[in-house]
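TrEMBL annotations:
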type: DOMAIN; residues: 2-53; note: domain 'Myb-like'
type: DOMAIN; residues: 2-57; note: domain 'HTH myb-type'
type: DOMAIN; residues: 54-103; note: domain 'Myb-like'
type: DOMAIN; residues: 58-107; note: domain 'HTH myb-type'
type: REGION; residues: 112-164; note: region 'Disordered'
type: COMPBIAS; residues: 130-153; note: compositional bias 'Basic and acidic residues'
type: REGION; residues: 232-289; note: region 'Disordered'
type: COMPBIAS; residues: 239-270; note: compositional bias 'Basic and acidic residues'
type: COMPBIAS; residues: 278-288; note: compositional bias 'Basic and acidic residues'
type: REGION; residues: 416-448; note: region 'Disordered'
type: COMPBIAS; residues: 422-447; note: compositional bias 'Polar residues'
Amino acid sequence: MKVIVKGGVWRNAEDEILKAAVSKYGKNQWARISSLLVRKSPKQCKARWFEWLDPSIKKTEWSKEEDEKLLHLAKLMPTQWRTIAPIVGRTPSQCLERYQKLLDEAEAREAGDELGLAGQQGAESAPSADEVRRLRPGEIDPDPEARPARPDPVDMEEDEKEMLSEARARLANTQGKKAKRKARERQLEEARRLSMLQKRRELKAAGITMRIKKKKGVMDYNADIPFEKKPAAGFYDVTEERSRPVDRKLTNVHLQKLEKRRADEEDDRSRSKRRKDQKATEVADARKSLMSAQEQQRIQAMQEAEQMAMRRKLTLPAPQVGEKELEEIVKVGLSEESAKTLMDDESQITSGLVEKYALQTSSAVARTPRTQSQGDSIMTEARNQRLMTTTETPLLGGENTPFIADNGTGFEGATPRRGPAQTPNPFATPLRGSQSFGGDKSMQTPMRDNLKINTPAMVGETPREEKMRRIRSKQQLRQSLLNLPQPKNEFEIDIPDVAPPEDTSATAQEAKVFDASDAEAVQRKMAEEAKAEMDKRRSHAVHRNLPRPVGTNFDWIVDEYKDLDPQDPEYLIAVECAALLQHDAVKYPVVGSKVTPGATKVERDVEEEFASTMLKAAAEEIEVEIQKELGTAEWRPLLIQHLPPPTDPSAESIFLPKLGKFTEIASLTESELCEGYHKQLQANRSAMQIDAQKAAKLEKRLTITLGGYQNRSKNLAEQIKAAYEELEEARQEYQDFERLQMMEKAAVPLRLESLQREVDNLTRRENELQQRYKDLAEEKDVLVERLGLMTTE
């Protein structure tokens, strides 16, 4: 008996069978999947799928970012490869192999650096990491599930062929055994019925009528009533009721048609609907008519702002050269041009002090400097981690293992550290960075120094050379001063060309013709300034969109201070507070209030009472007084610290309809408290009704929008189902007739042969009988002749 040891290298055929089995049975039935593979266990099948065959496995080359992330996570979570793998995006075996390979590369690089001085003898004698990890003849791969599949042999073994045939049959069977048996029985029954119909049709055509036998215990649903239960005979005679004629017009009539709808109810319903529509139209017309031109302009500005907000912003980096630097560059160019003009007009004495910088003296092309070489962070981190794994215990003493100090892998967490990109390239303008002294002159930007103003590089000079250079520069300067011409006490003033000031008077503005876009821009700017000015005049509650009271009657605020003197500050503050609340409630009503914007007249327009300068002066005086009182300019943090903690007003107070304000719960009676809660319940119910109406409208709108598509989809699904059923029925009939044709083709020769045999038998029998008849007739003739002779004698 052949013993099969499960495991080993995977082959292409086994991989394909595993893929098909996973697509059929899923990723949880590994025992059933492994039953298709003779040489593999459920655990090995699962490992093969999750280590190699899963389409989500990444098998491309490792990038530098992945290597850095792997080394960083290996330092944080050593040997926890199943935790590291999902973060890196690889399998645990791939992470382990890559980590070992990086450590081997670091070890090989260190060995190469150390053996470079000793020659090639040591490098040849020491085996490499690949040679150490390579499998030798006779060794078994400990992790074959993470290796590529081996090609199938040309001559496969018998057990492998049997495995392939069984897997093909099992995977091709999409139904179970019982379902296949039932389908086969139905097919045979249908074929039997069709053959019986054909037989009856042929017999009927030949004039023979077959009587259909009625099966015992089977009901004819065309003639009988199934499950009929006759009512028992009652105490009264119902023959008269049975003989009564039945009026067919009264049958199948809806109750609605019999009762009919009442006309008055329909009229009331239509009248109330028309009244509601008319009222809504009047309210909309009143709002449109009361809306002022300023309000329309504000709405238009808000719509334009919304359209502008919908556009995506164009984000560009900050410019390296600003407006100020550009102005300085232009001024320097203008000063050079003016100096050149003076030099051309004057004698040649001034030309010796001013050099021409129009043309560059050096035509050499500036070379882009090379970036500074950076160390290999991956090899550095791999070398450090290899040293950590090979270091000895600190209990033995000795020196610590020397690690390479670097920035590490560039990771501070699970993501890499990225430096900000600079625009433009810093190499294009190297003078902005650190200045390099000495070195290669070709790496520097060429400079124009015809007058020898710039000092050459002084790096690398000894103290003696620096001293001699200073002496030479002093001598050259002294010689140059002696060669200067005699001074002339003649001066010339150059008046710059300044444009005349623009006339900003009203007549000049009127005479100036603006373009349509410029006029619109000016009007838009003026409107925005006016809007900003109006926003500044509003109260802080309206400006910051804070919650405000719903009502418009705030006399109760003044009533609380009616006992005070009318000139008392607290009384004046209460009056001003009530006026401000009433103004904001009428002019800027909150959502849910019954005040229509513009419909109610403001008793006192608080915003127009004082000018902007007066309000600003008052705010400054209040600021100065507060600073003087508290003794510090930063008084807002102190005020916030001393404020009481915020409380929920609904937990301590409730709104009373009869008073029109919020009142503390502790000071209310039970009836007032019930009234307040009843009002709150009504408000919540009204909000619920509004939300329900909105939801119903949205549902109705979606039904209108998607109803046609849903009906169309339903009809198409029914048509597809009907077409599929017709197709299946036609296919079944075709198969039945095809099978009947095959059976008839096989039966026709047999029938012909039997008939031919019967014809031959009949022919032979007829010949025999004819011969016997002939013999008997001759014998009769002979006997008759003998009888005649005997009678004559």
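Even glycines carry a Cβ here, placed using N, Cα and C.
What you are looking at is a predicted structure, and each value in this text was computed from that prediction instead of being measured.
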Secondary structure split (DSSP) over the compositional bias 'Basic and acidic residues' (278-288) reads 11 helix, 0 strand, 0 coil
Summed over the compositional bias 'Basic and acidic residues' (130-153), the DSSP helix, strand and coil counts are 7 helix, 1 strand, 16 coil
Summed over the domain 'Myb-like' (54-103), the DSSP helix, strand and coil counts are 33 helix, 0 strand, 17 coil
In DSSP terms, the domain 'Myb-like' (2-53) comprises 31 helix, 1 strand, 20 coil
The average per-residue pLDDT within the domain 'HTH myb-type' (58-107) comes out at 92
